[in-house]
Every structure is written in structure tokens, then in C-alpha cells.
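According to TrEMBL, the feature compositional bias 'Basic and acidic residues' maps to 117-129, 136-157. The domain 'Arb2' feature in TrEMBL is assigned to 54-99, 100-264. The region 'Disordered' annotation in TrEMBL covers 117-157, 308-329. Annotation comment: TrEMBL describes 1-18 as signal peptide.
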């Protein structure tokens, strides 16, 4: 009996000790979690990282797009390296985000999709009535011929599944033409954006759509848009009946890179006196935007600089200046 009691007591003590150890471990875990919750990991990581001062242009990062559209280091030709500094993930992430900010928000219009293509629903009025017993024989024969033709068409489609079905196009509301689509995107998105400086790249028929936008929203466009780069544009300011103020604005703020055998940016004789025409460096219409890519963005940078210079040099009207003028009077 004493032996059994001692064994029971030993087991009881052992179980109690295990419970105490588990409780102690739980309390340590809770305390550790509480400590970690009060530590600002971002602040801790900032102590050992360099300042978050990054360039504002691709040139500052010593990066550029090559002729294949790939982002490469301008000296080594190597692709972008995310882990620029070892063991500094937060700094590398911030550098990556800074690279992604070239200062441009981009909206890509889709002016060529103006309708939805759906399968045409057969007219129910043309279906034969279920009870045709009272119809004249001649009329029934014509119906039978039509039914036979339908069956023949069905078997033809079965044998040739590639045969097109009868389709119809449903216009997209307020976007049924490229001109409507451009106007809709301007009114609902671009004009409502916070962007102070807007640049337009208009390819082919897009140039015509832009001129139409100017005709419809002249004051807004002149106030928000700094420059327009057209690529092989088919616009015609005379046929579109653009007024003189629009034609004058286009001559000053627009350039059209056209398909030509001449080297890139070579001045081309203008067909119409609306905006300068230069060579896109290719004779292929569909490549004019890509081939003139770098020239277009240089054109945009120069236009922005000119706008900023003009803004900074403009005199600021103050009450004192008005007072002096009044006293002079």
C-alpha cells in the first residue's frame, strides 16, 4: 500500500509539474507576442537603411528602353535588379516603386470597338403557325419548301461547322463611333482626373478623333493639354471645319510623325499648314508610334518645360499692383 501511494504521489507531482511548465511556456509566448506587437518593425528596419532618396527619371536610374522595348542599364546593358542592396528588402521595394513612378498616369482608349456582335435572333413572326390544316394547298407547298430549305441549311452547317452564323451588331451607347468614344472618355475620365499636365498620343484615325474633340471641347482641351503627338494621323482640319484658333493651337502644340523613308525626326513637307510633320523613321504605318517613341517623349518633356517657364515668368497680379495703377490713373 505505501508503494502504491508513493507511485501515485510521484505521478501526481509529475503531472502537476508538466501543467506548470505548459502554463509558464504559454505565458512566455503571450508576453513575447505582446512585446512584438509594440515594436514598430518599419521603424526598426529604417535604422540600418540608407535614406529613401531616389531619382525622378529613368536617366537618373541610369536605365533606358532598348530597341526591343526592354528596360536595360545604359552602361552595362543588364536588366533591372530588384535586390540592389542586400538584406534591405524595404529599401529595395521603395526603390522599385520609385522607378515605377515616371510621373505619368496612362489611359488607353479603345475607339475601334463601337458595337457588340451577337447572334441574330430569328423573327418569331416568320415561324409557321401550328395549325395549317385550313391553309390553301399552294400556301402549304411554299411553307414546305421553306422548311426543306431550313433543314438543308441545318445539315449544311452540321457538315461545315465553320460556316458563319447570321450575326448583328448592337451599337455601344454613347460610344458608337471613334469620335463618340473619344468624347465620352474625355468627359467621364480625363477631364475629371487630377492631372495638371495632359499629353496625347494619337495614331492614325485617332488624330481625326482628337481634332473632333478640340472642336467640341476647345476651351477645356487648351487648358489641360500641353502637347499632342500624332503618328501617321489622317486628320484634316479643313474637312473637319476646325476654326482658326484651333489651327493656330495645333501648329504650336502638335507634331505629326508620319511614315517616311527619311531618317527619324527629319522635317517632311506638310500637306496642310496645320502642324509640323516629321519622319517616324519607317515606311510602315503600324510602326510609326513605336519607332518615334523616344522622340515623342522628348517632345513632351520640352513642351512641359516651356509651359513651366512661361508660368514662372508670368507676372502675378496683386492688390498693390492694382493700387499703383489706380494711383497713376
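Note that Cβ sites are derived from N, Cα and C of the backbone, with glycine treated the same way.
Thinking about packing and proximity, how do these listed features fit into the structure?
Broken down by DSSP into helix, strand and coil, the domain 'Arb2' (54-99) contains 11 helix, 7 strand, 28 coil.
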Determine the mean pLDDT over the domain 'Arb2' (54-99), rounding to the nearest whole number.
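Averaging the confidence scores along the domain 'Arb2' (54-99) gives 87.
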